[in-house]
Amino acid sequence: MKTSNVLVLLLVLLYINASTEWPTHTVCKEDNLEIYYKSCDPHQDFAFSIDRCSDVSTHTFNIRAAILLRHSIKELYVKLNLIINGKTVLTYSETLCEPGLSKLIFCGKKKGEHLYYEGPVTLGIKEIPQGDYAVSAELTNEDHDTVACAYLTVKNYLEY
């Protein structure tokens, strides 16, 4: 009996190591709004949540995000793509951390440290138009190492 338990455990561990894809996580699912995310970094998943899904349709809402850093952050760059119906309609990139310019509190964090944020986020728009959206986001450091990478899916059926 113990041999079969060890065999099952080994098979599970081999399956997990062979997988290159993280599961899709549900952030929220309400009547008219659904938000999902998935890590696109095959080596690391992360945690992300929103206090109340209905708050997303407002100007500002509270989030929680956490990750264990696999790479240090001296410089940090973000690249975002907004994809609607399979077509990229917006590409945005910005420097978030560099010597003398730190827009975020976690600039300068070292490999192995936990990065945790809890607080408000403002989208800069008053409402999210109805529709299905996909957002890809990648954070890279000065060595072009992926610090975090995610696909975010938003399905908004709210009528304003």
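Note that Cβ sites are derived from N, Cα and C of the backbone, with glycine treated the same way.
Note that this is a predicted model, so its numbers are computed, not measured.
Among the features that TrEMBL reports, domain 'MD-2-related lipid-recognition' is placed at 37-154. If you look up TrEMBL, you'll see 1-18 marked as signal peptide.
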Tally of helix, strand and coil residues over the domain 'MD-2-related lipid-recognition' (37-154) according to DSSP?
-> 5 helix, 68 strand, 45 coil
In this predicted model, the domain 'MD-2-related lipid-recognition' (37-154) has a mean pLDDT of 89
